[in-house]
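Swiss-Prot annotations:
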{"type": "DOMAIN", "residues": "168-384", "note": "domain 'TLC'"}
{"type": "CARBOHYD", "residues": "Asn103", "note": "N-linked glycosylation site"}
{"type": "MOD_RES", "residues": "Ser23", "note": "phosphoserine"}
{"type": "MOD_RES", "residues": "Ser24", "note": "phosphoserine"}
{"type": "REGION", "residues": "390-411", "note": "region 'Disordered'"}
{"type": "TOPO_DOM", "residues": "1-81", "note": "topological domain 'Cytoplasmic'"}
{"type": "TOPO_DOM", "residues": "103-134", "note": "topological domain 'Lumenal'"}
{"type": "TOPO_DOM", "residues": "156-176", "note": "topological domain 'Cytoplasmic'"}
{"type": "TOPO_DOM", "residues": "198-211", "note": "topological domain 'Lumenal'"}
{"type": "TOPO_DOM", "residues": "233-251", "note": "topological domain 'Cytoplasmic'"}
{"type": "TOPO_DOM", "residues": "273-296", "note": "topological domain 'Lumenal'"}
{"type": "TOPO_DOM", "residues": "318-355", "note": "topological domain 'Cytoplasmic'"}
{"type": "TOPO_DOM", "residues": "377-411", "note": "topological domain 'Lumenal'"}
{"type": "TRANSMEM", "residues": "82-102", "note": "transmembrane segment"}
{"type": "TRANSMEM", "residues": "135-155", "note": "transmembrane segment"}
{"type": "TRANSMEM", "residues": "177-197", "note": "transmembrane segment"}
{"type": "TRANSMEM", "residues": "212-232", "note": "transmembrane segment"}
{"type": "TRANSMEM", "residues": "252-272", "note": "transmembrane segment"}
{"type": "TRANSMEM", "residues": "297-317", "note": "transmembrane segment"}
{"type": "TRANSMEM", "residues": "356-376", "note": "transmembrane segment"}
Amino acid sequence: MTSATDKSIDRLVVNAKTRRRNSSVGKIDLGDTVPGFAAMPESAASKNEAKKRMKALTGDSKKDSDLLWKVWFSYREMNYRHSWLTPFFILVCVYSAYFLSGNRTESNPLHMFVAISYQVDGTDSYAKGIKDLSFVFFYMIFFTFLREFLMDVVIRPFTVYLNVTSEHRQKRMLEQMYAIFYCGVSGPFGLYIMYHSDLWLFKTKPMYRTYPDITNPFLFKIFYLGQAAFWAQQACVLVLQLEKPRKDYKELVFHHIVTLLLIWSSYVFHFTKMGLAIYITMDVSDFFLSLSKTLNYLNSVFTPFVFGLFVFFWIYLRHVVNIRILWSVLTEFRHEGNYVLNFATQQYKCWISLPIVFVLIAALQLVNLYWLFLILRILYRLIWQGIQKDERSDSDSDESAENEESKEKCE
């Protein structure tokens with residue numbers, strides 16, 4: 001069994017030392033992927049701070065206060081090396097307090113953080129309210145833990161097993177393999193919810209026919225708020241600018257702003273069916289993007305094939321489906337379901353919301369079109385020139401970064 005596994009891995013992997021230097025499918029940085037803390041490059045300042053902490057830890061303790069400082073520095077050093085520790089402690093404390101209390105109802109103050117709120121009595125449907133923000137905030141912490149833990153404890157050892165020796169390339173793989181995991185779960189989850197709704201295969205008329213969708217089923221609400229937490233957590237990392245900005249940093253920021261506005265407005269103003277479809281288009285296409293990049297890092301012979309699949313799903317989901325949704329806003333928005341402004345009954349599908357919905361989705365489409373142009377350029381070079389180069393990423397310096405890394409090791 002072990003030899004069979006090794007042979008299958010050998011088909012995917014060629015030693016990193018013999019990897020072709022002109023390939024950069026793995027360097028395509030599209031708008032939905034933001035690096036985790038584990039994949040951040042270590043700056044000179046952070047290295048100096050680490051040296052100071054280690055020096056403080058090795059010094060003699062003359063007073064009790066020195067011992068306390070050592071404990072604090074020890075924790076900081078551990079947290080710096082394993083950034084999932086702090087969110088892990090927070091999650092353990094909250095979950096333990098919640099489950100040990102024996103009160104799993106909404107009367108428990110911790111319920112709004114751990115579980116979704118506003119269940120409609122006697123049904124599987126849930127309304128919306130301010131407590132949903134607490135759920136999103138708590139699961140932002142959860143996704144911070146999940147991302148850093150998987151990268152540090154699961155994915156990094158796997159990259160070492162695959163003989164990825166370059167630290168720079170290893171960090172790139174951490175990002176993409178986590179994206180494969182997340183999108184590999186969220187994409188099918190979203191499709192499952194869509195299959196059990198009237199939206200299957202991205203039908204547009206049901207998006208408006210049952211409006212307003214003031215309540216949502218259990219799984220639907222978990223998926224929607226979970227996605228909101230995931231995107232909000234990514235936005236926080238992006239705002240902190242913990243890594244060198246990519247060439248398309250402005251487009252990346254714009255993409256996240258538009259996405260967060262779409263998430264908030266679609267949830268508050270009851271356009272969640274439309275939001276579900278857009279979530280799925282992004283997750284499924286991102287899965288194939290990250291898969292093609294990971295295979296490219298491994299110098300796999302399957303890279304061109306998977307990259308071709310990625311291009312197909314990107315065009316179909318992010319352009320064909322999204323443009324169909326845009327067209328439905330112009331043609332079906334007014335005629336399917338109620339079309340009236342009534343604050344008392346939470347009816348917001350009216351002449352005011354129509355242009356807002358259209359502009360937000362169109363803005364997202366413009367960013368995707370810009371990225372499509374760059375993707376097609378890469379595809380053209382891959383087919384006609386055998387070069388897989390991406391000018392829009394921050395990876396112009398990828399090889400130089402690896403060279404600098406080699407020099408540091410030699411020194």
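Backbone N, Cα and C atoms are what each Cβ position is placed from, and that goes for glycine too.
Packing against the transmembrane segment (82-102) from elsewhere in the chain are residues 37-38, 108, 110-111, 113-114, 138, 141-142, 144-145, 147-149, 152-153: each is 6 or more residues past its ends and has a CB under 8 Å from a CB in it. For the residue listed as 'N-linked glycosylation site', the same-chain residues lying six or more positions away in sequence with a CB closer than 8 A to its CB are His111.
Among residues of the same chain six or more beyond the topological domain 'Lumenal' (103-134), those with a C-beta under 8 A of the stretch's C-beta atoms are 94-95, 97, 214-218, 221-222, 225, 267-268.
Model confidence over the topological domain 'Lumenal' (103-134) stands at 94, taken as the mean pLDDT rounded to a whole number.
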